[in-house]
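Copied over from TrEMBL:
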- 34-58: transmembrane segment (TRANSMEM)
- 102-119: transmembrane segment (TRANSMEM)
- 139-161: transmembrane segment (TRANSMEM)
- 173-193: transmembrane segment (TRANSMEM)
- 213-236: transmembrane segment (TRANSMEM)
- 269-286: transmembrane segment (TRANSMEM)
- 306-323: transmembrane segment (TRANSMEM)
- 335-356: transmembrane segment (TRANSMEM)
- 371-396: transmembrane segment (TRANSMEM)
- 417-439: transmembrane segment (TRANSMEM)
- 473-491: transmembrane segment (TRANSMEM)
């Protein structure tokens with residue numbers, strides 16, 4: 001079924017298909033594409049988890065502080081910078097290879113090669129003893145994330161046409177399951193497999209023999225894996241000819257940037273952008289990076305945190321299968337808004353647990369974590385993770401519904417960038433603010449506030465300890481909750497109104513252009 005949408009003058013602007021609106025999702029005949037998309041998202045998720053894994057390893061070795069962690073978190077910033085080059089990726093391609101496939105082969109080949117290059121040098125950049133080469137590690141992870149971010153543009157655009165139109169809402173499921181799996185392997189599995197303490201405790205490996213595998217082996221193996229998958233896709237997967245797609249239109253790079261600018265100027269998109277960038281501020285302190293670092297500081301070993309994290313990822317992977325009726329519904333943001341107040345209040349449980357952890361796990365100044373502590377920690381993470389994953393799926397479901405598949409790379413990248421930008425900026429700022437709002441003093445000299453590295457070293461020279469008397473984490477978590485509830489009040493009515501609009505209404509307000517026929521295809525006059 002199709003519908004012609006006309007502009008104010010009555011002339012036809014474009015024609016849209018309403019097939020997905022009338023047919024129920026059914027993956028019959030689409031399973032191979034479903035699993036391929038999931039595999040591509042796994043590769044995309046690897047660099048994100050990789051940065052988290054390195055962050056945890058460095059923190060456990062006590063070789064970096066929170067400011068260094070904030071610097072390392074910049075390696076993930078290409079995930080929101082990708083909108084700057086998304087129109088180029090969407091408009092430029094080699095037709096005989098495939099609009100998305102030609103980019104995918106190039107990007108994943110470079111990604112695998114960079115992983116192999118990193119593996120060859122990792123022993124020098126991250127030595128067993130001594131200060132790591134944080135600058136080089138951050139640079140390489142940053143480059144890998146640029147490649148991953150660009151691959152995200154390609155895969156998001158391909159997902160809208162690879163699956164049948166009635167199954168487009170499953171793109172968010174492929175996205176979440178794939179990225180979470182990639183992050184699980186490159187963070188949880190990475191940290192545990194290279195950990196000597198983990199191998200000694202659970203596999204009775206001789207102390208001093210190192211982990212089950214080395215960091216070098218792990219990185220090298222993934223580099224080879226990415227190259228093999230890329231080769232198989234190049235040989236066996238064919239992409240649909242874009243010229244045969246319904247309502248095919250061809251934009252050059254300049255027109256694509258004009259289209260992007262035109263979208264960004266629309267009041268509805270600007271309001272949605274503000275909502276997406278700020279929606280995670282309220283509960284960012286419960287996200288993995290901040291909460292895990294605080295628990296490690298409180299005395300929980302990184303290996304124990306990773307074992308608890310296995311539960312975390314297991315929940316993340318299973319949640320989409322049990323919540324598909326909400327994800328594919330026509331009111332995803334209504335469900336999101338119902339969950340959000342509970343999510344914000346759940347921060348209280350995190351703050352209480354972190355505050356009580358030192359007393360719960362120590363006996364006579366010796367760390368001895370009781371079983372009931374893991375039960376409490378696992379329960380808190382279980383509930384939090386279900387809410388987090390479901391909320392993310394609902395937001396991505398909205399993106400899939402309102403994005404035009406003809407320019408899918410640009411549209412999906414715009415919405416994903418705005419959403420991910422909110423996480424990255426909030427995460428980096430929170431890490432900085434925790435350091436700023438944390439106040440310490442030297443136990444042997446009250447006038448030394450331990451605010452700089454030199455003052456901390458001076459305290460150590462007089463055999464003192466920098467003792468925290470105000471922990472900035474608790475200040476920030478309260479501030480985040482307040483901001484979160486303000487966000488809820490401000491945007492609730494608007495988001496419900498936006499999701500109530502049908503597809504054609506979104507297209508009228510988001511895609512205001514008219515098409516003109518050229519000799520060989522259709523082009524756009526902006």
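Backbone N, Cα and C define each Cβ position, glycine as well.
Counted over residue pairs 6 or more apart, the CB atoms of the transmembrane segment (102-119) and the transmembrane segment (173-193) come under 8 Å in fewer than three pairs, which marks the two as apart. Between the transmembrane segment (213-236) and the listed ranges 139-161, 173-193, 417-439, the one holding the most Cβ pairs under 8 Å is 173-193. Contact between the transmembrane segment (173-193) and the transmembrane segment (371-396) is supported: at least 3 Cβ pairs lie under 8 Å, counting only residues 6 or more apart in sequence. When each of the listed stretches 139-161, 269-286, 473-491 is scored by C-beta pairs under 8 angstroms to the transmembrane segment (371-396), 269-286 comes out highest.
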